[in-house]
């Protein structure tokens, strides 16, 4: 590591490394709003506003987490863990026939579900229940659970890239080339192609698509991309309307219409609506989010800190993530706020584990969120490029999940069978629910890439309790939930040694208090920790 957790090499190096850290994680921060807002029926202006809100909340929650949470250099933000349940709620049957502004109505329902789930996660952390759950969560559980999050979006990724193959496929190839073939090339001691693979790939592809658009490659005589497909009379235009909409880069007016200054504020979309069935779905997801964070805490602490945190520090971090998600719900980001999984990869690649660098980057993120044009610029990224980046990000997420197996005996037949069963059933069981009750000739108004998320309308559970049916059909159609249930049951019931299972080793509280290095790494600032010293499960 160039800089470890408590290193402060100076303002300029810290600023540069903080900027690098956030830029390398650009995809994880901005892509989720670009998926969920259009799915809610939002306009480009709505997308721009949500992006600005996400940047603001991410900056604030990162500062809170590095100060009062786990205190590890981990960026907080919207997690892909929340994407599938958010899409399932967005495609709930009660929202299908809405008139008017669907976006605000659905966003308020999402906010309510996130706030209740976040309160549950806060209790999970600060009550000490997380310390108990940690005994059940090991690498063999974390690996397939997080891998299932990435693999679950296969029906969304490349089908969306295929809407303009010459743009989307080129972007995927560029990111692969930068992150793999050119990864060892250094410029001034920095592996720029590996660190900035995503933003570089996006910039080059966007520039190429702009030149093709300006050259008239996607211009067809008397055809207008702004006319709805149902109103197009000409067969010539109807044939090319998809290419016009998905390949051109000038169809979005988000940058032009967004204001120069915009301050994201709580309840900006209206008062949240609380539906217990949707809240229960998000509560289940908050447990998966906590499992994801546990893996990130352990891996990042081995890279940046002197020792792993205590169980109390982990509980404290999960509790604060719950509070941060409450803020995300109040501000209306569309998802909860949690530790972004790609943090570990970024720390390992950049060799930068300084807490101060991440905090300075968070302050810069808050300032950028106030510039409305930044959100407008991000919102104007063409959909096909978003899908191409997501293909790479989801593949990375699956690989990062499986990389947790390095802490266990990956070649053990016990672990191979558990992970294999977890992954296969996580794809097959949701597929059964998603196909249940659908005839091959069924015409649906929902696009094919969103079909997996309408399971609540036709799933196998049909009791007299509608809310219970909704909860069971939706939760059991989530790949990560099935992976977690299978893995946690098998890993904790099938005999195996600690070494074989790769049980996470956390620092002991009494030993940590005697070691100044651990105390300095994880103790709360401003002597706040002394007030709560008697609460063993939320501190040292």
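Placed from the backbone N, Cα and C atoms, the Cβ positions cover glycine too.
A Cβ distance under 8 Å defines the sequence-distant neighbours of the transmembrane segment (21-41), meaning residues of its chain 6+ beyond its ends; these are 47, 50-51, 54-55, 58, 73, 75, 77-78, 80, 82-83, 86-87, 90-91, 98, 101-103, 106-107, 156, 195-196, 198-199, 202, 333-335, 340-343, 346, 349-350, 352, 357-358, 361, 364-365, 378-379, 381, 383, 386, 389-390, 392-393, 450. Annotation source TrEMBL lists transmembrane segment at 21-41 (among others).
Summarising the annotation, TrEMBL assigns transmembrane segment to 47-65 (among others).
Panel annotation: around the transmembrane segment (72-90), residues 5, 21-22, 25, 28-29, 32-33, 35-36, 39-40, 54, 57-58, 61-62, 64-66, 106, 109-110, 113-114, 149-150, 152-153, 278, 281-282, 285, 288-289, 292, 296-297, 300-301, 304-305, 309, 317, 321, 324, 328, 333-341, 343, 347, 352-355, 357-358, 361-362, 393-394, 397, 450, 453, 455-456, 474, 477-480 of the same chain, lying at least six beyond its termini, place a Cβ under 8 Å from a Cβ of the stretch. Marked as transmembrane segment by TrEMBL: 72-90 (among others).
Summarising the annotation, TrEMBL assigns transmembrane segment to 110-129 (among others). Panel annotation: around the transmembrane segment (110-129), residues 82, 86, 89-90, 269, 272-276, 278-279, 281-283, 285-287, 289-290, 315-326, 328-330, 332, 334-336, 536-538 of the same chain, lying at least six beyond its termini, place a Cβ under 8 Å from a Cβ of the stretch.
Residues or ranges marked as transmembrane segment in TrEMBL: 136-154 (among others). Tertiary neighbourhood of the transmembrane segment (136-154): same-chain residues 80-81, 83-84, 288, 291-292, 294-295, 341, 390, 393-408, 415, 418-419, 422-423, 426-427, 430, 478-480, 482-484, 486-488, 491-492, 501-504, selected by CB-CB distance under 8 Å and a gap of 6+ residues from either end.
Long-range contacts of the transmembrane segment (160-181) within the same chain: residues 193-194, 196-198, 200-202, 204-205, 208-209, 242-243, 246-247, 382-392, 449, each at least 6 residues beyond the stretch ends and with a Cβ under 8 Å from a Cβ of the stretch. The transmembrane segment annotation in TrEMBL covers 160-181 (among others).
Positions annotated as transmembrane segment by TrEMBL: 193-212 (among others).
Residues or ranges marked as transmembrane segment in TrEMBL: 357-378 (among others).
Under 8 Å from some Cβ of the transmembrane segment (384-403) lie the Cβ atoms of residues 27-28, 31, 34-35, 80, 142-151, 153, 156-158, 160-161, 163-164, 167-169, 171-172, 175-176, 179, 197-198, 201-202, 205-206, 209, 246-247, 295, 341-342, 344-345, 419, all in the same chain and six or more residues away from its ends. Here TrEMBL flags 384-403 (among others) as transmembrane segment.
The annotation transmembrane segment is assigned in TrEMBL to 415-433 (among others).
Residues 81, 84-85, 88-89, 92, 136-137, 140-141, 143-149, 151-152, 277-278, 280-281, 284-285, 287-288, 291, 418-419, 421-423, 425-427, 429-430, 433-434, 452-453, 455-456, 459-461 of the same chain lie 6 or more positions beyond the ends of the transmembrane segment (470-490) yet place their CB under 8 Å from a CB of it. According to TrEMBL, the feature transmembrane segment maps to 470-490 (among others).
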With a Cβ cut-off under 8 Å, give me the same-chain residues at least six positions beyond the ends of the transmembrane segment (193-212) that come close to it.
20, 23-24, 26-27, 167, 170-171, 174-175, 178-179, 182-185, 218, 247-249, 346, 349-350, 381-382, 385, 388-389, 392-393
